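Taken straight from Swiss-Prot:
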{"type": "ACT_SITE", "residues": "GLU186", "note": "active site, proton acceptor"}
{"type": "BINDING", "residues": "ASP49, SER50, ASP88, LYS118", "note": "3-methyl-2-oxobutanoate binding site"}
{"type": "BINDING", "residues": "ASP49, ASP88, GLU120", "note": "Mg(2+) binding site"}
Amino acid sequence: MSATARKTAPNAQDIRARKGGVPLVSLTAYTTPMARLMDGHCDFVLVGDSVGMVLHGLNSTLGVTMEMMILHGQAVARGLDRAMLVIDMPFASYEEGPAQAFRNAARLMAETGAGAVKLEGGVEMAETIRFLVKRGIPVMAHIGLTPQSINTLGGYKVQGRDDQAQAVLADARAVADAGAFSVVLEKVPATLADRITAEVAIPTIGIGASAGCDGQILVVDDMLGFFTAFKPKFVKRYADLGPLAEAAIAEYAAEVRARSFPAAEHVFGDQAPAKGAKA
């Protein structure tokens with residue numbers, strides 16, 4: 001479904017209005033077929049920069065480019081009709097300053113039909129968020145564990161424990177005050193996530209946070225069991241499709257080598273079939 005035909009999808013203000021209501025549901029998507037599967041079940045779908053690790057085999061999100069995000073954003077947009085499309089701003093596309101962020105955010109939205117962008121950072125990104133929002137770019141913030149900053153955070157560690165809690169809380173307040181319509185809380189203690197949810201006026205979207213958040217998001221390949229390089233503690237595997245897919249591929253390979261595929265029902269005869277029969 002093209003972005004211009006998506007008349008029923010919620011917008012940023014609709015998502016913001018869900019604060020304190022029925023929890024928001026979100027997953028990542030990178031392809032049209034997967035977007036179609038989740039369209040009727042998610043309030044918004046995120047084209048995450050996790051695509052670099054999940055589909056492109058990178059060991060972090062740092063190598064993801066604008067071109068990659070646009071390509072996958074366009075693919076996901078074709079599969080959505082009812083869910084809002086949000087797209088990640090990749091590393092080095094917005095940190096230089098508000099003007100750089102606006103150029104790249106506007107390009108992402110214009111070329112993909114996304115209804116909002118997501119960017120990582122708290123207090124240090126408040127000025128940029130405010131700049132974007134004032135110029136018509138809805139922003140979903142992302143604080144706590146910010147994967148684009150793993151080299152300075154020392155890896156994929158829980159953020160906001162002990163004396164770090166006040167800093168994460170300050171980040172949440174800053175992005176809300178700057179005009180973000182929602183904020184992702186990644187890998188923070190549940191008690192801190194609950195406090196942030198209670199104190200900020202915008203919806204909190206948890207990933208490794210708390211069931212008390214205003215919504216939840218997971219990487220779809222994690223929860224379906226396709227991505228097996230590692231499994232974060234916060235992931236629940238609702239299906240284990242990776243082994244099923246591998247078993248199907250192994251069966252196909254065995255049948256090809258045994259010449260049992262294709263069978264008679266998979267090939268075409270010399271004569272045209274009778275009218276109404278399958279070719």
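Using N, Cα and C of the backbone, Cβ positions are placed for all residues, glycine too.
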Exercise for review: By Cβ count within 10 Å, point out the most packed of the recorded positions listed: ASP49, GLU120, GLU186.
Suggested key: ASP49
Practice item. Among the binding-site residues ASP88, LYS118, point out the residue whose Cβ has the most other Cβ atoms within 10 Å, with all shown protein chains included in the count. Key: ASP88
Practice item. Could you round the CA separation between GLU120 (Mg(2+) binding site) and ASP49 (3-methyl-2-oxobutanoate binding site) to a whole angstrom and send it over? Key: 11
Exercise for review: May I ask for the distance between ASP49 (3-methyl-2-oxobutanoate binding site) and the residue listed as 'active site, proton acceptor', taken between their Cα atoms and rounded to an integer number of Å?
Suggested key: 14
Review point. Does SER50 (3-methyl-2-oxobutanoate binding site) have same-chain partners at least 6 apart in sequence with Cβ under 8 Å from its own Cβ, and which are they?
Key: THR28, THR61, PRO147, VAL219
Study note, to complete from the structure: Around the recorded Mg(2+) site (ASP49, ASP88, GLU120), other residues with Cβ within 8 Å of the Cβ centre, ordered by sequence, are GLY48, SER50, THR61, VAL64, MET89, PRO90, PHE91, LYS118, LEU119, HIS142, PRO147, GLN148
Practice item. Give me the Cα-Cα distance between ASP88 (3-methyl-2-oxobutanoate binding site) and the residue listed as 'active site, proton acceptor', rounded to a whole Å. Key: 15
Practice item. Determine, to the nearest whole angstrom, how far the Cα atom of LYS118 (3-methyl-2-oxobutanoate binding site) is from the Cα atom of the residue listed as 'active site, proton acceptor'. Key: 13
